[in-house]
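A.B. asks: Input: one structure, supplied below.
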Amino acid sequence: MAEEHRCQTPESNRLCVNNCGFLGSSATMNLCSNCYGDLCLKQQQQSSSIKSTVESSLSVSPPSSSSSEISSPIIPPLLKNPSVKLEVPEKKAVISLPTTEQNQQQRPNRCTTCRKRVGLTGFKCRCGTMFCGVHRYPEIHGCSYDFKSAGREEIAKANPLVKAAKLQKI
């Protein structure tokens, strides 16, 4: 009877393998998004710890019993002059960017022709000015933008002229 009515549970709705109560996905190894994120973080931490142990093992030089002449480290220090100081750039908060965005949002957009407030429903023409729904057409507001030459340039860029080499007659 279950075959007739197809009352089987779909394979995509499986519970998480960790039994956390959420649904898992086959794309995330039958884990829910929370458990999968935790798994990814653990893998990244393990890989970073492996890298640090490899780097530390490479930086330690093997002890040499017969050669007492080598007293300097294998890798010379990058900075031998102590009077030169390294400048570490500090994180500075960029305040000018949000203020310009706020100024643009606070400034009311008005139609250039009738000075009607348009807000978000305004239309910006290719000539660079803002218009309302009535004056948005180039014929109505006397647009100075040359649509024909712009169209020709776009077509020329999209379809470059392909010139084949001439065939020589035998």
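Cβ atoms are placed via backbone N, Cα and C, with glycine included.
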A.B. asks: In Swiss-Prot, which of 5-28, 53-76 is tagged region 'Disordered'?
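C.D. replies: My reading of Swiss-Prot: the region 'Disordered' range is 53-76.
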A.B. asks: C-alpha of Cys125 (Zn(2+) 3 binding site) to C-alpha of Cys32 (Zn(2+) 1 binding site): distance in Å?
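C.D. replies: About 48 Å separates the two Cα atoms.
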A.B. asks: Determine, to the nearest whole angstrom, how far the Cα atom of His135 (Zn(2+) 2 binding site) is from the Cα atom of Cys143 (Zn(2+) 3 binding site).
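C.D. replies: Rounded to a whole number, the Cα-Cα distance is 10 Å.
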A.B. asks: I need the CA-to-CA distance for Cys32 (Zn(2+) 1 binding site) versus Cys143 (Zn(2+) 3 binding site), whole Å please.
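C.D. replies: Rounded to the nearest whole number, the Cα-Cα distance is 56 Å.
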A.B. asks: Using a Cβ cut-off under 8 Å and a sequence separation of 6 or more, which residues in the same chain sit near Cys16 (Zn(2+) 1 binding site)?
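C.D. replies: Once residues fewer than 6 apart are set aside, Cys16 (Zn(2+) 1 binding site) is near Phe22, Leu23, Gly24, Asn30, Leu31, Cys32, Cys35.
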A.B. asks: Starting from the Cβ centroid of Cys111, Cys114, Cys132, His135, the recorded Zn(2+) 2 site, name every other residue in that chain with its Cβ within 8 Å, sequence order please.
C.D. replies: Arg110, Thr112, Thr113, Arg115, Lys116, Val118, Phe131, Gly133, Val134, Arg136, His141
A.B. asks: Find the one among the binding-site residues Cys20, Cys127, His141, Cys143 whose C-alpha lies closest to that of Cys114 (Zn(2+) 2 binding site).
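C.D. replies: If we rank Cys20, Cys127, His141, Cys143 by Cα distance to Cys114 (Zn(2+) 2 binding site), first place goes to His141.
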